[in-house]
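Straight from Swiss-Prot, the features:
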BINDING   CYS57, CYS58, CYS140, CYS143  [4Fe-4S] cluster binding site
ACT_SITE  CYS168  active site, nucleophile
Amino acid sequence: LQTGRLFPETLKLIDETENQYDIRISRYEPEQADIDAYAEKYGLNGFYESVEARHACCGVRKLKPLARALSGATIWVTGLRRGQSANRADTPFAEYDPERNLIKVNPLADWDIDVIRAYVADNGVPVNPLHQRGYPSIGCEPCTRAIKPGEPERAGRWWWENDEKRECGLHVHEEAAAAQ
């Protein structure tokens, strides 16, 4: 998903990945009308002001483009891992996603960070340089910071919020999202 607010390093990584593997990665962007409506209601950086505003931003920049990306799909393969957060601790290898009416496959569910690092090193997988600068979880630039020593992997995401269950909504079922 090209949210329009990704780090330059992330955009460069997409290009490097396409070149290394000789593939084309589809990019799904938010609709300008949706961005304009969001900015009119909350302000361009209104996501800092409330969880509601942040969820609305993620809806415009992530959820709606994802819906277009998955339109007609029967399977969605993700990179979710149980070790990323308490909220993801029970991630199964495969599950039915009733909101999207598809099977969601999480092949890395039981991989820990050491397994990932070994795989990346052994296979020459391109890596976002932000990982080396303390960003184990990378999203939109304004919503992501480097973590401090000892912090959980996803502590740098939406750091201004107090709730431990911070998610953008991509991997949260509707009823769980309503509880957040």
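The backbone N, Cα and C atoms fix where each Cβ goes, and this holds for glycine too.
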Neighbour-count leader, CB within 10 A, binding-site residues: CYS57, CYS58, CYS143: CYS57
CB contacts for CYS140 ([4Fe-4S] cluster binding site) [other CB atoms within 10 A, all chains]: 21
Structural state of CYS140 ([4Fe-4S] cluster binding site), classified by DSSP into three states: strand
